[in-house]
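Enquirer: Below you'll find the structure I mean.
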Amino acid sequence: MCSIFGVFDIKTDAVELRKKALELSRLMRHRGPDWSGIYASDNAILAHERLSIVDVNAGAQPLYNQQKTHVLAVNGEIYNHQALRAEYGDRYQFQTGSDCEVILALYQEKGPEFLDDLQGMFAFALYDSEKDAYLIGRDHLGIIPLYMGYDEHGQLYVASEMKALVPVCRTIKEFPAGSYLWSQDGEIRSYYHRDWFDYDAVKDNVTDKNELRQALEDSVKSHLMSDVPYGVLLSGGLDSSIISAITKKYAARRVEDQERSEAWWPQLHSFAVGLPGSPDLKAAQEVANHLGTVHHEIHFTVQEGLDAIRDVIYHIETYDVTTIRASTPMYLMSRKIKAMGIKMVLSGEGSDEVFGGYLYFHKAPNAKELHEETVRKLLALHMYDCARANKAMSAWGVEARVPFLDKKFLDVAMRINPQDKMCGNGKMEKHILRECFEAYLPASVAWRQKEQFSDGVGYSWIDTLKEVAAQQVSDQQLETARFRFPYNTPTSKEAYLYREIFEELFPLPSAAECVPGGPSVACSSAKAIEWDEAFKKMDDPSGRAVGVHQSAYK
């Protein structure tokens, strides 16, 4: 992971602003501890903190075209960069081996309307000194975070994390996923549009399991490009186990040269985190034994988790209960992963949104409702699991890649017949995915019930969080919460506790508005609560809130 920081529409002293930009960019150096770079002129400033994974020696940023007239700062990975280099290499003189430099080639060729050509995860800021124009863009689902804000002079700031904007901006907001801002028309435009957003476009499709299986294998393989050691996050659940199995299949050869040479680090390392004796640790070890990975089991105590909560809220920049519950073990694990010399990991985020994997999907009344909920969940994922995976890992300088959210894979998986994703009546959640990959995994894992990450690390983790919140937040505080927190008013003591910490760390009203809210059961959207009368009486995002869970709340 890297970080970017940019200032545009400059109206104040550029020399002083450059100093300020360096100071604010430094707040995100945990994302990119390997190198720092800056471009500064009277009209634009671009700062970058680099985590070097591809082209370690020559890929420092900002990147420039040959004429030094186009400047680019990027946080991301472009998985189809080799194909784009081949296509544009006769018309653009590449200066580095960085995968991200293809953005400059595309801009030179097409102007601002090229973002859908990119397959990957990214957030970037590009400055064109010839036109005195800038282009800001974010990937299709917002896998990579990006925020924007304005100061009292009307100067525009962009940054990978809001902590770099809060000290200087009057207002901030999340830069929309799947969108770009081109300064010459001044509008934020959405570029990510798919036919599968509409149920009618997919309802009569025929599901091809072979195509689905191959699409995921292709996605994982493309995500393996790396010039540094990498690993896999292996919780022992279906999604991370599938990603680990496919990664193991290709890890012995370098994908960068079409598998002509041996991988520089042929032994695949896997990582699991949990309280001692937790459900995830046992299942993860079983998968690791089956696949033959070098497995690392990372333990944490409830007290260690509690001690990390404030740091987690600072790094994840949220007060969302589910996100904080799940981010804390991930944050602790990331520190150990970095200590072992690993700089990139593959993870299983996104599968539950694509395939209707959360336990509340058992209550989906029909295929149309299920499909529409999966689309809602995917388009909102930048506020939840994408933020968690990205920021919890980058807090310690580790990059998380998410093959289930690959754009090409989504175009296959979201076009299969939604009826084939329905669960209940004897069918397990994500049964179509299980059927595709059951040969890759032990049967006990291929058909293991969905366990949310915050539950799977150990049930006592969430139970203790609730107990601590009950001790620290009074009944009166919760009853009067609407006066202190009129926006996204906390509805539980746990939520109140997190919100209190968040407001201390980010004391800007618009910062709180960057965090999602609303009722949820087992990670559902507010809309899906209408599926079951019992949901309307609950307000707990744990999977144990749904009766089909084997350890459901009584």
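The backbone N, Cα and C atoms fix where each Cβ goes, glycine too.
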Enquirer: For the L-glutamine site that Swiss-Prot assigns to Arg50, Leu51, Ser52, Ile53, Val54, Asn75, Gly76, Glu77, which of Asp13, Asp99, Asp116 is also named?
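Expert: Given Arg50, Leu51, Ser52, Ile53, Val54, Asn75, Gly76, Glu77 bind L-glutamine in Swiss-Prot, the matching entry from Asp13, Asp99, Asp116 is Asp99.
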Enquirer: Please pick, from Val273, Val294, Val302, Val312, the residue that Swiss-Prot records in the ATP site together with Leu233, Ser347, Gly348.
Expert: Val273
Enquirer: Filter the recorded positions Cys2, Ser347, Gly348 down to those whose C-alpha lies within 10 angstroms of the C-alpha of Gly76 (L-glutamine binding site); answer none if the list is empty.
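Expert: Those close enough are Cys2.
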Enquirer: Among the binding-site residues listed here, Ser52, Ser347, which has the most company in the form of other Cβ atoms within 10 Å of its Cβ?
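Expert: The residue with the most neighbouring Cβ atoms within 10 Å is Ser347.
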Enquirer: How many whole Å apart are the CA atoms of Ser52 (L-glutamine binding site) and Cys2 (active site, for GATase activity)?
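Expert: Ser52 (L-glutamine binding site) to Cys2 (active site, for GATase activity), Cα-Cα distance: 8 Å.
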Enquirer: Quick one: Cα separation, Val273 (ATP binding site) versus Cys2 (active site, for GATase activity), in Å?
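Expert: Given the Cα positions, Val273 (ATP binding site) is 24 Å from Cys2 (active site, for GATase activity).
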Enquirer: Averaging the per-residue pLDDT over the domain 'Glutamine amidotransferase type-2' (2-186), what integer do you get?
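Expert: So the average pLDDT across the domain 'Glutamine amidotransferase type-2' (2-186) works out to 97.
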Enquirer: Going by Cα-Cα distance, pick out whichever of the recorded positions Cys2, Leu233, Ser347, Gly348, Glu349 is nearest to Arg50 (L-glutamine binding site).
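Expert: In terms of Cα distance, Arg50 (L-glutamine binding site) lies closest to Cys2.
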Enquirer: I want the residues beyond Arg50, Leu51, Ser52, Ile53, Val54, Asn75, Gly76, Glu77, Asp99 whose C-beta is within 8 angstroms of the mean position of the L-glutamine site's C-beta atoms, in chain order.
Expert: Met1, Cys2, Gly59, Val74, Ser98, Cys100, Glu399
